[in-house]
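Reviewing the structure listed below.
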Amino acid sequence: MSIILGIDPGSRVTGYGVIRQTGKHLEYLGSGAIRTQVEDLPTRLKRIYAGVTEIITQFQPNMFAIEQVFMAKNADSALKLGQARGTAIVAAVNNDLPVFEYAARLVKQTVVGIGSADKVQVQEMVTRILKLSDKPQADAADALAIAITHAHSIQHSLHIANSVKMTETQEKMTALLKTRYSRGRFRLKI
């Protein structure tokens, strides 16, 4: 079982979403946004750090997933986003959480099936995947989508690991049978 905290970073609004993964089953635990007032940037970063730390304390996740920085047209906006993202990552690392990063395009591809999906499509699919009665707000939906992407990544990794183990086991069994057959211990019946 994994509890995954997804973060959609922003210098003014940082979305968060928490899900529990048990096998292939995903369960919604909570979501929302850390909103900062029109303050200077250091104070906003302090609020983001405190907010993420509070969420970690409340939900006790064992994994932390965050959206990667994308190229922005405005350099100042990109720098502020990077600082907000770094602040959230520091909160996770200070709470001994492993950090996983996902590109926005991959998140949309995983959740909606289209890497260029818009926020409304992401909200709709998050609502369906987690069987929510109401659509989460956009920033929270994005954060939940990031958590869902990480859950799918875990499931995919387990599938690959199991396939590799099966292949290794099959190869060992084949080698064993060939050895025993060549020594006359088994006779093939056709």
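Each Cβ is built from the backbone N, Cα and C atoms, and glycine gets one as well.
Keep in mind that what you see is a predicted model, and the values were worked out from it rather than measured.
Summarising the environment of D8 (active site), the number of other Cβ atoms within 10 Å of its Cβ, over all protein chains shown, is 26. Summarising the annotation, Swiss-Prot assigns active site to D8 (among others) and lists sequence analysis as the type of evidence.
If you look up Swiss-Prot, you'll see E67 (among others) marked as active site, on the strength of sequence analysis. Sequence-distant contacts of E67 (active site), defined by Cβ-Cβ distance under 8 angstroms and a gap of at least six in the same chain, are I7, D8, P9, R85, E101, Y102, A103, A104, V107, D142, I146. For the recorded site, E67 (active site), the DSSP three-state label reads strand.
Positions annotated as active site by Swiss-Prot: D139 (among others). Classification of D139 (active site) by DSSP places it within a helix. Taking Cβ-Cβ distances under 8 Å and a sequence gap of 6 or more within the same chain, the neighbours of D139 (active site) are D8, G10, V13, T14, G15, A33.
According to Swiss-Prot, the feature Mg(2+) 1 binding site maps to D8, D139, an assignment based on sequence analysis. Annotation note: D8 (active site) sits in a strand segment as assigned by DSSP.
Residues or ranges marked as Mg(2+) 2 binding site by Swiss-Prot: E67.
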